[in-house]
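Trainee: Below: one structure in C-alpha cells.
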Amino acid sequence: MSKEKFERTKPHVNVGTIGHVDHGKTTLTAAITTVLAKTYGGAARAFDQIDNAPEEKARGITINTSHVEYDTPTRHYAHVDCPGHADYVKNMITGAAQMDGAILVVAATDGPMPQTREHILLGRQVGVPYIIVFLNKCDMVDDEELLELVEMEVRELLSQYDFPGDDTPIVRGSALKALEGDAEWEAKILELAGFLDSYIPEPERAIDKPFLLPIEDVFSISGRGTVVTGRVERGIIKVGEEVEIVGIKETQKSTCTGVEMFRKLLDEGRAGENVGVLLRGIKREEIERGQVLAKPGTIKPHTKFESEVYILSKDEGGRHTPFFKGYRPQFYFRTTDVTGTIELPEGVQMVMPGDNIKMVVTLIHPIAMDDGLRFAIREGGRTVGAGVVAKVLG
C-alpha cells in the first residue's frame, strides 16, 4: 500500500496512553502504530523507538515523552506515551501534552493498581475529557469471569472519579500479540481505533472558541487612544465588537475600534496572531498587563481555586527544601505574577520538592480563569512548580 501524504484536511486529535507501570502502555502504542500502518498506511514505530523517550522541557520542567502519529480513515492522531510515572504526572499537570482523550491501559492479569487510580484522578483534575479502556494481556487470562470482574472494577473506579464508568468503551486485547501480527488480536487494535474515532468528539478549534487575549503591553497613542498588545489565545476579534477587560480590577467594557499587526490595520485578529487592539474610551492607567480582553460574559475573575500542582525537584532547579502551610509564593497566570496563600489537604504537613499535591489557592488579586487554566508557581521570578486549576471556588 502506498504511503499517502499527510492530509491536513483530516481533523487532528491529541490522545495518549495512561495507566500503571508495566501494564503495557508502550507496547500498546507500538501496536497501534503497527496495525494502523498495515491497515491504512503510515509509519509503524517499534517498541524501543517509543520506549527511548527523549527529554523535553515544559515550563522549565524536564519530562520524558514519546510522540507518535497515526491515521484512521477519518482522523489524524498525535499520541503521547511516557516511560515513567513521574513523567505522566508532570505531563498532565503542565499540559505539555494536552489530551482530547486518553487510553487507559489495565493489565487483565493484575486489574486496577495504585497508578491506575492516580492517573484517573489526574485525568479528572486536569480536565482530560474522555477515557477509553484497553484491557491488556487478555491472552494470558482464560477465565471469562475474571475478565468480567476486572472490567467491573475498572468501571467502578472511573465512576468514582466522575467519568461515565458504565458507558466507557472497554476493549479486551493483547498489545504484544497484536504487535507480533496475530490477526485475532490485531482486530482488537482496530476495534480500539474505532472507539477513538467514535467516542472522542472532534475537539473544538481555538479559533471557534469565544475571543480571549491576554494583555502583555499597553500603549497610549496620541489622537487615537489606548492600544493593548498580546497574542490572541482563542477566537476572533473584529473591529466594532464589544469586549470586556477582566482581572485584577473591576471588569470594564469597551469597544474595539481597530486591530493592527506589524503596523498594518486589519479588520480582525485571529487565534494565534500577535496583535494590537485599539480600545475606545479607556485610559492608559485603567488597564494593565495580566488582565485579559474577552468576549463579554465568557470569563470571570476569581481569587480562589482548587489546583493540582507539581513541585520541581532540586535537580530541575526547584527548591532544595520542603514548604509548609503559610507558604506564599507567586502564581504566574498567562502574563503576570499574583501572590497567593495555600491550604494543604488534611493531614499533609509539608510538601517536598518532586511531589505532586492538591492544594487550594487564594490570590490577593482576582485573575480571569476557567477550570483547566495552567499556571507556574514562582519565587522571585524563579519557577518552583507548575499547576492547573482543577476547580474554581470563588
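Even glycines carry a Cβ here, placed using N, Cα and C.
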Trainee: Please identify the range among 81-84, 113-116, 325-328 that Swiss-Prot labels region 'G3'.
Mentor: 81-84
Trainee: With Swiss-Prot as the source, identify the stretch among 45-49, 60-64, 160-164 annotated region 'G2'.
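Mentor: Feature region 'G2' in Swiss-Prot: residues 60-64.
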Trainee: Looking only at DSSP and grouping its letters into three states, which state does Cys82 (GTP binding site) belong to?
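Mentor: In the DSSP reduction, Cys82 (GTP binding site) maps to coil.
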Trainee: Please work out the mean pLDDT for the residues of the domain 'tr-type G' (10-204).
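Mentor: Residues in the domain 'tr-type G' (10-204) carry a mean pLDDT of 94 in this prediction.
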Trainee: When DSSP states are grouped into helix, strand and coil, how many residues of the region 'G2' (60-64) land in each?
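Mentor: Counts, helix then strand then coil: 0 helix, 4 strand, 1 coil.
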Trainee: Per DSSP, what is the residue count of the region 'G1' (19-26) in each of helix, strand and coil?
Mentor: 2 helix, 1 strand, 5 coil
